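Novice: The feature repeat 'WD' is assigned by TrEMBL to 13-44, 59-100, 107-142, 154-185, 198-230, 306-337.
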């Protein structure tokens, strides 16, 4: 394991007994959730002495692999999705010092494995998106005292849907699929519909993320070992009229499928992880830079960590402050990487 580009491994969190699939930072950045094929969710807390400790193990709800976890925008709820087809909503006990979490709702509807869960940070009422091997995307709304209602079932993908991701500044959703495409979904008068189908990858699209705070640029990664940068200059006006275009393909960074991609908040940078045990870091130029007009705004690899885990790295996730990167993989561990301050 070799640190690069101002990124250093500061902790290796052990406890899971099987593959770790997903990690999620709480919005304040003081808690990290991880989930695994061992059917558990672990909550890790940053102690005053700098250590990260497991403060809770959630093992009372899922009967099979827990594939995805996500904190609600107000940090009061944690959603999890599993191969048992269930979506579970967890809440921490009201006692300030308590480390117990209870499953307060179980959302049923998917006909197969749930692959991803994601909360919307921009909607008036809490929205949760889920996707599944059943080829569908569901949108759930919190309607009253912990009760969730499915407000839309989005059909269109022809294969397993791997991931759902909300836009940072608009109520717009992107889904990534085994059918090699991404779909962009928007709402109009409570009706959800597909705005765009993004084609460019030649194999499964594993992950995507918006890579600026306005949501005008998005990056996706694939089994085809490429990263594609997409741009929608009109995004800030009307999500329902989004016209995403492919502006760059980045290849040659990973030797095997690229499993995960995460934007570093407050920057033009993002990270990817792959089945080659590698984490790569990318940064973009200023689109208004007159010094290099031909390459203005293009993304380049700034560094890599070889052998970051002992096996495939299923997920990378930047903290809300952009000062820490979490990674997890087939070696049953979660690793935390401290990053140099963002240049401003």
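Just so it is clear, glycine is given a Cβ too, placed from its N, Cα and C backbone atoms.
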Novice: Under an 8 Å Cβ to Cβ limit, what residues of the same chain, 6 or more beyond the ends of the repeat 'WD' (107-142), are close to it?
Specialist: 64-65, 67-73, 77, 79-89, 148-155, 157-171, 173, 175, 177, 185, 192
Novice: Please spell out the DSSP helix, strand and coil residue counts for the repeat 'WD' (154-185).
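Specialist: Looking at the repeat 'WD' (154-185) with DSSP, the answer is 0 helix, 18 strand, 14 coil.
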Novice: Who are the long-range neighbours of the repeat 'WD' (306-337) in its own chain, taking Cβ under 8 Å and residues 6 or more past its ends?
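Specialist: Sequence-remote neighbours of the repeat 'WD' (306-337) are 1-3, 7-14, 16-25, 27-29, 32, 34, 36, 44, 52, 256, 259-267, 270-275, 277-279.
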Novice: Could you break down the residues of the repeat 'WD' (198-230) into DSSP helix, strand and coil, giving a count for each?
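Specialist: With helix first, then strand, then coil, the repeat 'WD' (198-230) has 0 helix, 18 strand, 15 coil.
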